[in-house]
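K.L.:
So TrEMBL has the following annotated:
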type	residues	note
DOMAIN	2-127	domain 'Lactate/malate dehydrogenase N-terminal'
BINDING	ASP20, ASN81, VAL104, SER105, ASN106	NAD(+) binding site
DOMAIN	131-300	domain 'Lactate/malate dehydrogenase C-terminal'
ACT_SITE	HIS161	active site, proton acceptor
Amino acid sequence: MAVVMSILAQNISNEVCIIDANEKLVNGESKDVQQGSLYLRDAVIIGNTDYKASEDSAVCIITAGERQKKGQTRLDLLKTNVKIITQIVPPLVKYSPETILIIVSNPCDILAHVAWKTSQLPLERVFASGTHLDTARFRYFIAKRLGVSASSVQGYVIGEHGDSSVPVWSAVSVGGIRFRDLSKCAGAEGDTDQWHEVHNQVVKAAYEVIAGKGYTNWAIGLTVASLVSMILDNKNEVATVSTLAREREGIENDVFLSLPVVIGANGVTSFIKLQLSGLEQELLCKSAETLNKAMQSLKEKK
């Protein structure tokens, strides 16, 4: 619902369909929003348990799945949420064969890979929200420490949307100034200013929110809405989303993970080539290996 409200409140789309297996819940949620549609450009909000209601959707966003509980990693949700994804994807694609699929459910990297295989859609039209949120958190925490707006900070977090994510300090700039020119060891060995703590904040961010209220929703809702805007308005903006990374940035494994890409009307249109440091390259390959092991464990369970 945070995704729905973020899309509607920002006028990204004025027609949204909510599908849920719980008829009572989906009716209640959709009616609640419908009754405020006067303030949402008279938006059309449809709630249903039947996938046919979503027919001809330009974008399908999957958020269904078991929630991450306190103390759980995203990878802990793997087995249950894979089953859910394989049930949801076929009817979505049946009614919207030209759609773009965005996977938000965790572990989103692996679930996006499963969704791509299940849907048989072109690779560019299936991706996960990935580290797009981690990147937003990264920019926010840097900006907060420097006392500037987050929009003045550029930078990426890549790899797994999870504990093995990788901050790309070598690509960080503030107001157009390369950060490493100001703090040469930022995030690396010899970092006396403790900038590496910023990434620790990023990794711990979701756990802290979950400990406080039981789940995360608003930040990811805003994050996904921004991706939908890139697609519907053909913005060709750069975002770190999770897609097939094999043979990119030295990755040999057949895994989905986040790298900076250009997103437009057709989904992922191209990749941005990073100039990673040796340490960043090493950490990215370790992140890929973490995801590959999780994928292999999934195959073994079958």
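Each Cβ is built from the backbone N, Cα and C atoms, and glycine gets one as well.
Caution: TrEMBL annotation is automatic and unverified by curators.
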K.L.:
Show which residues of the chain containing ASN81 (NAD(+) binding site), separated from it by at least 6 in sequence, have their CB under 8 Å from its CB.
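P.N.:
In sequence order, the residues whose Cβ lies under 8 Å from that of ASN81 (NAD(+) binding site) (at least 6 apart) are GLY65, GLU66, SER105, ASN106, PRO107, LEU111.
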K.L.:
State which of the following recorded positions has the fewest other Cβ atoms within 10 Å around its Cβ: ASP20, SER105, ASN106, HIS161.
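P.N.:
If we count Cβ atoms within 10 Å for the recorded positions ASP20, SER105, ASN106, HIS161, the smallest count is at ASP20.
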K.L.:
Starting from the Cβ of VAL104 (NAD(+) binding site), draw a 10 Å sphere and report how many other Cβ atoms land inside it.
P.N.:
23
K.L.:
Cα of the residue listed as 'active site, proton acceptor' to Cα of VAL104 (NAD(+) binding site): how many Å, rounded?
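P.N.:
That comes out at 10 Å between the alpha carbons.
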K.L.:
With helix taken as DSSP H, G or I, strand as E or B and everything else coil, how many residues of the domain 'Lactate/malate dehydrogenase N-terminal' (2-127) land in each class?
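P.N.:
Per DSSP, the residues of the domain 'Lactate/malate dehydrogenase N-terminal' (2-127) fall into 64 helix, 20 strand, 42 coil.
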K.L.:
Please give the greatest C-alpha separation between any two of the NAD(+)-binding residues ASP20, ASN81, VAL104, SER105, ASN106, in angstrom, as a whole number.
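P.N.:
Result: 17 Å between the two most distant Cα atoms.
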